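Taken verbatim from Swiss-Prot:
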type: ACT_SITE; residues: C117; note: active site, proton donor
type: BINDING; residues: K22, N23; note: phosphoenolpyruvate binding site
type: BINDING; residues: R93, R122, P123, V124, D125, Q126, D305, I327; note: UDP-N-acetyl-alpha-D-glucosamine binding site
type: MOD_RES; residues: C117; note: 2-(S-cysteinyl)pyruvic acid O-phosphothioketal
Amino acid sequence: MDKLLIEGGKVLSGEVAMSGAKNAALPILCASLLTSDPVHFTNVPHLNDISTMLRLLGDMGVGVTMDGIDGIVLNGGGLNNPVASYEMVKTMRASILVLGPLVARCGEARVSLPGGCAIGARPVDQHIKGLQAMGAEVKVEQGYVHAKATRLKGARICTDMVTVTGTENLMMAACLAEGETVIENAAREPEVVDLANCLVSMGARISGAGTDVIRIQGVDKLHGATHAIMPDRIETGTYLCAAAATGGDIRLLKTSAAYLDTVVDKLMDAGCEITVERDAIRLVAPKRLKAVSLRTAPYPAFPTDMQAQFMAINCIADGVATIRETIFENRFMHVNELMRLGANIQIEGNNAIVRGVDRLEGATVMATDLRASASLVIAGLVAQGETVIDRIYHLDRGYERIEEKLAKLGAAVRRVH
């Protein structure tokens with residue numbers, strides 16, 4: 001199993017390009033199931049979750065062709081097996097995103113209940129409830145969601161909670177439904193908007209993406225299109241935090257601050273200077289960061305996927321910060337590992353109180369989920385001596401070539417097998 005070795009104490013500087021967003025790419029790849037025409041995607045990140053999704057789509061009969069460095073052409077003309085088996089799904093919860101498109105196009109789907117991250121329960125009941133409202137017959141048996149419908153009917157759906165994958169699944173299904181579907185309490189995330197833009201380029205009729213009410217007028221069929229995946233805002237935020245923690249000066253290319261307002265604001269509160277360009281962001285960090293408190297909540301509030309990284313920078317900041325997690329239970333698994341490096345953190349329910357210390361010291365730590373592992377990398381970059389991070393397959397699920405990108409910015413980091 002791969003490990004990451006980090007020699008701490010190097011200041012990050014220079015330029016590096018960001019990748020396409022995993023959380024936009026996964027649903028957008030599933031959108032190819034809605035048409036028999038080829039769909040061309042660019043700026044697709046090279047990540048384990050993407051490879052898993054492409055294997056899953058291939059198993060269903062979708063033609064997968066690589067095109068250049070970051071391009072993929074998917075052809076759903078040969079779609080003949082609307083099944084997502086446990087073997088394919090167990091490592092990645094996003095595989096539930098095939099459910100809506102399959103029912104809409106094939107009239108049937110069997111999708112194993114998903115695996116993926118270890119950060120608490122993520123029920124698919126909102127997806128099921130929405131499909132039932134659209135006339136699908138849905139059963140959950142032997143660990144599979146089995147859905148059937150001759151043709152889905154437009155419906156008014158109000159989800160019990162804000163769910164990103166639920167919104168995406170139902171929006172895709174509604175594209176081929178008969179009549180109008182209205183999704184209320186819809187997720188407003190930029191990745192939902194990117195998916196909607198892709199679907200519209202394929203001939204879908206969607207309005208309101210990016211607000212909490214999305215309207216979809218069903219059409220008889222969708223066609224091929226070309227779509228560039230949006231930049232990864234969480235990867236961007238993670239590198240900004242890494243530079244901030246090390247007192248660095250970096251410029252991130254092929255990205256946008258448009259969806260990062262809360263993250264940028266918090267980094268400025270911590271004392272960083274940030275310059276936003278059209279397709280780039282520059283951060284200049286102070287000698288020592290100031291502690292910043294935060295509360296996670298659905299977009300456009302502070303993203304839960306940046307919580308662990310901000311905990312890491314607060315570990316060595318001046319002052320005391322309170323971090324309140326309101327999205328997922330069980331999302332403080334990085335705390336014990338950060339404490340092995342010398343952090344001073346106290347958990348009280350869904351709050352973490354972080355008291356900044358003067359220095360962290362390298363140790364062996366274990367990654368427990370994708371964003372937790374990113375926080376350990378940031379802490380390792382500032383810790384004195386060597387930090388060894390075990391189980392970095394979690395990192396590979398969401399960060400493309402992280403050791404190469406960090407090394408380009410001057411970090412002493414290498415992967416060992």
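From the backbone N, Cα and C atoms, a Cβ is placed for every residue, glycine too.
Reported as a whole number, the C-alpha separation between K22 (phosphoenolpyruvate binding site) and R93 (UDP-N-acetyl-alpha-D-glucosamine binding site) equals 13 Å. The 10 Å shell around the Cβ of R93 (UDP-N-acetyl-alpha-D-glucosamine binding site) contains 18 further Cβ atoms across the protein chains shown. Listed in sequence order, I96, L99, L113, P114, V145, G166 are the same-chain residues at least 6 apart in sequence whose CB falls under 8 Å from the CB of V124 (UDP-N-acetyl-alpha-D-glucosamine binding site). Each of the binding-site residues D125, D305 was assessed for Cβ neighbours inside 10 Å, and the highest tally belongs to D305. Taking all protein chains in view, 25 other C-beta atoms sit within 10 angstroms of the C-beta of N23 (phosphoenolpyruvate binding site). According to DSSP, V124 (UDP-N-acetyl-alpha-D-glucosamine binding site) sits in a coil region rather than a helix or strand.
Distance from the CA of N23 (phosphoenolpyruvate binding site) to the CA of Q126 (UDP-N-acetyl-alpha-D-glucosamine binding site) is 19 Å. Local packing around the Cβ, expressed as the count of other Cβ atoms within 10 angstroms, is greatest for K22 among the binding-site residues K22, Q126, I327.
The secondary structure of N23 (phosphoenolpyruvate binding site), as reduced to three states from DSSP, is helical.
A straight line from the CA of N23 (phosphoenolpyruvate binding site) to the CA of D125 (UDP-N-acetyl-alpha-D-glucosamine binding site) spans 20 Å.
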